[in-house]
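*Asks:* As listed in Swiss-Prot for this protein:
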type     : residues    : note
DISULFID : Cys34-Cys59 : disulfide bond
DISULFID : Cys35-Cys75 : disulfide bond
CARBOHYD : Asn37       : N-linked glycosylation site
MOD_RES  : Gln24       : pyrrolidone carboxylic acid
SIGNAL   : 1-23        : signal peptide
Amino acid sequence: MKVSAALLCLLLIAATFSPQGLAQPDAINAPVTCCYNFTNRKISVQRLASYRRITSSKCPKEAVIFKTIVAKEICADPKQKWVQDSMDHLDKQIQTPKP
C-alpha cells in the first residue's frame, strides 16, 4: 500500500513539472504595451492614422495609443473629450469607404 501511494505521489509530481504542465498560452507571454504618461496636447485628427485601447490588467492605467501618419505612437487619456472625439472620427473614417 505504501509503495502504491508513493508511486501515485511521484506520478503527480512528474505530471506537474512536465514540459506540458509548464507550457503557457502565447497570449500570457505576449509583450504588453503600457502608458505611464499621457500627452498634454490635443493632436489634430488630420495627423492621426489609427488608435488602440490599452486595458490590460498588467498596466497601471487604461489608455489610448494613437498612431500618427508618420508612425509615431502617442499615449492619451481615454477620459478626455478630445481623445473620445478623435476615436469617433477615426471609427467613422474606417466605416466610410474612400472613392
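Cβ from N, Cα, C; glycine included.
Just tell me what is around each of these and how deep it sits.
*Replies:* Reduced to three states, the DSSP call for Cys59 (disulfide bond) is coil. Using a 10 Å Cβ-Cβ cutoff, Cys59 (disulfide bond) registers 14 neighbours.
In this view, Cys75 (disulfide bond) is surrounded by 17 other Cβ atoms within 10 Å of its Cβ, with every protein chain counted.
Mapped onto three states, the DSSP output places Asn37 (N-linked glycosylation site) in coil. Same-chain residues at least 6 positions away in sequence with a Cβ under 8 Å from that of Asn37 (N-linked glycosylation site) are, in sequence order, Cys75.
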*Asks:* Under 8 Å Cβ-Cβ from Cys35 (disulfide bond), six or more apart in the same chain: what's there?
*Replies:* Ile54, Cys59, Lys61, Ala63, Ile65, Cys75
*Asks:* Return the count of C-beta atoms lying within 10 angstroms of the C-beta of Cys34 (disulfide bond), excluding that atom itself.
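*Replies:* By my count, 14.
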